[in-house]
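Over in TrEMBL, the protein carries these features:
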- 64-123: DNA-binding region (DNA_BIND)
- 62-122: domain 'Homeobox' (DOMAIN)
- 1-61: region 'Disordered' (REGION)
Amino acid sequence: MEKGPFSVEWLAQSSLGGGREMPGESRPEGSPDGCPLQSPPSVPAESPRERELGSPGLAAVPVSGRVRTKFSAAQLQELERSFRQQRYIGAGEKRRLAALLNLSQSQIKTWFQNRRMKFKRQTQDAR
């Protein structure tokens, strides 16, 4: 079978940045891969589902690229105290806690969302 310009081998090489030129195609000078503005990625691209599940041999990286916030014992104590008073946090209380605990308002909001889900699981498991 003849290897045409769209053979499996050609596609494999082109996806790795080392593809052969198509007939009649020319590459810009000084660019071995034909793309002067982009360099090949150093890590293979993964789908969002693959990132969630994790790939064997690769370190787990959050989908968002953010590092997980580690709350101190004092921060958790204050957040739990506030949660016991009221499960849904208002804007004023969110600003107060953020300033008091040196966290962002979105971190406070997310903590409360996660804590409500934990509370819901706990109450469902108790039934």
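Positions of Cβ are set from backbone N, Cα and C atoms, glycine also.
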Remark   = Averaging pLDDT over all residues of the domain 'Homeobox' (62-122) gives 94
Number of helical, extended and coil residues in the domain 'Homeobox' (62-122), per DSSP = 42 helix, 0 strand, 19 coil
